[in-house]
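The structure appears right after this line, and notes come after that.
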Amino acid sequence: MNVRTRATTWALGLSVLLAFVVVVSAGIGHVSIPPRTVARILLDALSVPVGVSLGGGMSLPLVGTVPTPSLSFASPFHFSVPDTARIIVLSVRLPRILLASLVGFALATAGVVMQGFFRNPMADPSIIGVSSGAAVGAVATIALSLSVPFGLHGAAFASAVITAFVVYLLATENGRTPVATLLLAGVAVQTFLGAVISFLLLQAGESLRQVVFWLMGHLAGATWDEVALLALVLPIPVGILLAYARDLNVLLLGEDDAQSLGIEVERTKRLLLATASVVTAAAVSVSGVIGFVGLVVPHMLRLVVGPDHRVLLPASALAGASFLVVTDTIARNGAAEIPVGVVTAALGAPFFLYLLRTREVHSP
Amino acid sequence: MSDPFAISTSEEPFETNPAISLDDVAVSLGGHTILDGLSVDVDSGTFVGLIGPNGAGKTTLLRTLNGALSPDRGTVHVAGEDVHTLSSKAASRLVATVPQTTQVSFDFPVREVVRMGRTPHRGRFDGWSDADEQAVDAAMERTTVTDLAERSVTEVSGGERQRVLIARAIAQETPVLLLDEPTASLDINHQVRTLELVSDLVGDGTTAVAAIHDLNLAAHYCDALVLLSEGRVLAAGDPTAVLTESNLKSAFDAEAVVSRHPVTGSVYVTALPTPSDDASGRVHVVGGGGTGARALHVLSAAGYALSAGALNEGDTDAEAARRVGADLVTVPPYAPVDDAAQSAVESRVEAADVTVVADVEIGDGNLANLEAALAAEYLVLVEERSFSERNYAGDDGRAIYERLKARARVVEPSELLSVVGEFACESFGDSTNSEDAASDGDPTAEVEGAAAESNGSTAESNGSVIESNDSTAKPSGPAQSNHS
């Protein structure tokens, strides 16, 4: 099938790109390690079950992003590599790189869905307040030194999902959720939550620096636990979104048309919104607010592969993963470590403006 | 069931299983009742036109038929199934909808858009089947968009996009096809092609319901019409039965003339300007051969009571005079104006405040009209051509015309309305010295020709409802009276 072939081709190509980016990125840092060595270390590591939670069984497009040291792939590579290099790559750099790729993957996926859903080129994963919600949860936990179950991540994730749900409820009347109302409700709630965050910052005291760091989006200090968490949470919602790619296409025609073509519009909208919000919340709760990935990457890919979500969705997801690995590599190799959110915004905003001025950004 | 309209001859619609059956359907949107108890049956294999003024509920009815809107009460059955109890998918296998072509901002290839028509026939994880492919190919061939298959739907023209959307609906393979204003925003060629296509589909057994603004296109192509007004069915059935002057008056609040189209033989509706009450007075128009029609329309729109003649039966101006309800003096076709007719015209000229002589060709047969016009108090001659060009009555004609001209105001067609207004006011205010006022001849008042011109052309070109904005009602009489 034509579309299926295109989707597979793009997914494979971008998976190869991602693998390449991961290997190169893992070699870059204070200690420079040649890509060949990195590759050997990674191949070696394949035989080591790093953690049970990283088991395989994920849907196809995910293979590229999660290096799934699954037992079935266990092969007895025994390259001789310096132990220091092995430790640097596996314990220090790889968790951060993989987390970056998972977060980028999630944000780009959610971005595609939100832009298609809202039929609005300015839509991003946080458009209904997910990021602001996560920020409130995280900032409150840090600033007020709360102790919550599942810690900072749990608080951020919970408040993000609750915020999305509240926005949805505010915009829904008689079982219908007009996207324009949803958009405005999202803006209003984000503004309100912005005020809450500002207030909490005033209360932060000594933890202010930590709070600001979280807010800017960060991947420093990533742990294998965080990687495992995302790798476990993402497959199901992303799989659902991929299964609804055709419905997203039809929704682009407008809701009345979609209804007349047999889409249960309100139910589909509800499901897409909830799923995309969970994907965003999962990413944001581990990495903080990283802007522009979910906005710019889908636009770039739409220019390249077209509006068909069956191709666009997996392609954007994989490209988003590569994009965030690259930007985070830049972020951690500057004169001083800077939050990756600053780099994505610094690169993404001018690029987006360039697209805007050359009129290449259309509504999805 | 409250007053059911069955678009069929069948007495008991449910036994014959009509394609669409609405029973007492009421829909409200945002607290406003849009449809208020509609009952209509549509026979299988017919093309039904949904007509009615803006806001009558045409689009709402279509959205209720395809299940997008749920009625507050009543039921909608399509092919025997209650569409509002069906899943969206099941309903979409019964009813396909061609939306109004609006701007599309996604650049899917044309073929991909048509393929989306197969959505209701496919499961979430189903592949693309041969049946799907055949349905898409057939639909694209039918609508002649095969050549556009790889083009982006954003790049094709409005007419082509309309056909793409129809192809999508055909690919849906439903027994019922709904079209919302399929001819809006299309040029006349594409309007006709679109409706021909729908007629063909109906010929193959599809049942089509289309909201159509253009009454004449609707009358020509549809097997039956449903006239909606204020959320109710005002009339339904054969176009000749629905498109009556009284129905149009009550639905559109418009004056219209219903006749037969000379070429197609279909019912043909011509809307007329609504008379305004701005101007008052009586005007007699001498015309013939179509030269007076424009004056009659313009003056009628301005609100004057009119008389006309004498004209031969069947003359274009005689038709025009009837349409505007003028008091008409006629003589048989090709017959000259006889003495009886001349005196009838004279009496109307005397009764009129102003007499207008159009740019008419004068021969022996109608010279009597000019003689009769000599009796006018206020006289206006419309000249587009010089009189010698249109005089076929020799010296007699010239002599009478010179006499008329000596005491008349000669105007361009565009000035007619304002000059008549001026005279009508004088006649109304001071009738004793009116002859001198007229014979003075010098046009001293500002003539608002442009306004009258635009009124006139609007009234003639599309017959839309217009408000006369000329200066006829202004009391310009006193300013003029010192001329005498």
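Heads up, the Cβ atoms here are built off N, Cα and C, so glycines get one too.
Given the structure is predicted, the values throughout are model-derived calculations rather than measurements.
These come from TrEMBL:
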TRANSMEM  A:12-29  transmembrane segment
TRANSMEM  A:41-63  transmembrane segment
TRANSMEM  A:97-118  transmembrane segment
TRANSMEM  A:125-144  transmembrane segment
TRANSMEM  A:150-170  transmembrane segment
TRANSMEM  A:182-202  transmembrane segment
TRANSMEM  A:222-244  transmembrane segment
TRANSMEM  A:271-297  transmembrane segment
TRANSMEM  A:338-356  transmembrane segment
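Across A:97-118, A:125-144, A:150-170, A:222-244, A:271-297, the stretch most heavily in contact with the transmembrane segment (A:182-202), judged by Cβ pairs under 8 Å, is A:125-144. Contact between the transmembrane segment (A:125-144) and the transmembrane segment (A:271-297) holds: at least three of their C-beta pairs are under 8 Å, each pair 6 or more apart in sequence. Most Cβ pairs under 8 Å to the transmembrane segment (A:97-118), among the stretches A:150-170, A:222-244, A:271-297, belong to A:271-297. Only residues 6 or more beyond the boundaries of the transmembrane segment (A:150-170), in the same chain, are considered here, and those with a CB under 8 A from a CB of the stretch are 128-138, 140-142, 177, 182, 185-186, 188-189, 193, 226, 229, 270, 273-274, 277-278, 280-282, 284-286. Same-chain neighbours of the transmembrane segment (A:271-297): 99, 102-104, 106-111, 113-114, 117, 122-126, 128, 130-131, 133-135, 137-138, 152-154, 156-157, 160-161, 164-165, 168, 177, 182, 213-219, 222, 226, 229-230, 233-234, 237-238, 240-241, 244, 247-248, 316, 319-320, 323-324, 339-341, 344-345, 347-349, 351-352, counting only residues six or more beyond its ends whose CB sits under 8 Å from a CB of the stretch.
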